[in-house]
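Taken from Swiss-Prot, the feature active site covers 53, 71, and the record attributes it to sequence analysis. The annotation disulfide bond is assigned in Swiss-Prot to 24-145, 48-133, 83-99, 95-113. Annotation comment: Swiss-Prot describes 19-147 as domain 'C-type lysozyme', evidence class sequence analysis. The signal peptide annotation in Swiss-Prot covers 1-18 and is backed by similarity to another entry.
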């Protein structure tokens with residue numbers, strides 16, 4: 001019985017943690033999903049962005065008390081403008097997606113929403129990109145990844 005409880009807790013912690021991608025694994029996945037060069041944004045810039053937004057974690061969340069919104073998933077997509085979490089006041093849902101879908105281990109829906117955002121607002125929509133990636137050499141993010 002004790003072993004079952006421990007096993008259950010371990011499974012729960014894995015479900016809450018989600019998938020944390022390895023850098024090169026994420027690079028390959030983003031490339032397969034068409035982000036390399038999308039709207040002129042290099043794969044290295046996408047990796048830099050996701051490193052600083054979520055540390056490559058699909059289940060990352062960040063609550064923003066000022067706007068009463070939450071950022072979700074590997075790209076930290078905001079519930080005020082881009083996804084529906086059912087609790088953010090006056091949400092727009094620009095990507096027409098549930099915020100929980102942006103935290104799935106399969107990041108296809110998150111990538112589709114990121115493409116929509118970068119198409120409308122450019123990569124500067126992400127504060128972490130402006131703070132940590134813009135005007136920096138980001139080539140190290142794809143270095144050694146055999147793409």
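Placement of Cβ uses the backbone N, Cα and C atoms for every residue, glycine included.
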Do me a favour and check the Cα-Cα span between residue 113 (disulfide bond) and residue 83 (disulfide bond); whole Å is fine.
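Per the Cα atoms, residue 113 (disulfide bond) and residue 83 (disulfide bond) stand 9 Å apart.
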Within 10 Å of the Cβ of residue 71 (active site), how many other Cβ atoms can be counted across all chains shown?
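Within a 10 Å radius of the Cβ of residue 71 (active site) lie 24 other Cβ atoms.
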Neighbour count first, Cβ atoms within 10 Å, every protein chain included; then name which of 48, 145 tops the list of disulfide-bonded residues.
48
With every protein chain in view, what's the tally of Cβ atoms within 10 Å of the Cβ of residue 83 (disulfide bond), excluding that atom itself?
30
If one measures from the C-alpha of residue 24 (disulfide bond) to the C-alpha of residue 48 (disulfide bond), what distance in angstrom results, rounded to a whole number?
12
Most Cβ neighbours within 10 Å: which of the disulfide-bonded residues 24, 95, 99 is it?
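Checking each of 24, 95, 99, the winner is 99.
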Just counting, how many other CB atoms are there within 10 A of the CB of residue 53 (active site)?
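Step by step: centre on the Cβ of residue 53 (active site), count other Cβ atoms within 10 Å, giving 22.
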Of the recorded positions 48, 71, 83, 95, 99, which one has its Cα closest to the Cα of residue 145 (disulfide bond)?
48
Checking the recorded positions 71, 83, 133, which are within 10 Å of residue 95 (disulfide bond) at the Cα level?
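Those near residue 95 (disulfide bond) - Cα within 10 Å - are 83, in sequence order.
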What's the CA-CA gap between residue 83 (disulfide bond) and residue 71 (active site) in angstrom, rounded?
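Taking the Cα atoms only, residue 83 (disulfide bond) lies 9 Å from residue 71 (active site).
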I'd like to know which of the disulfide-bonded residues 48, 99, 133 sit within 10 A of residue 71 (active site) at the Cα level.
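Within 10 Å Cα-Cα: 99.
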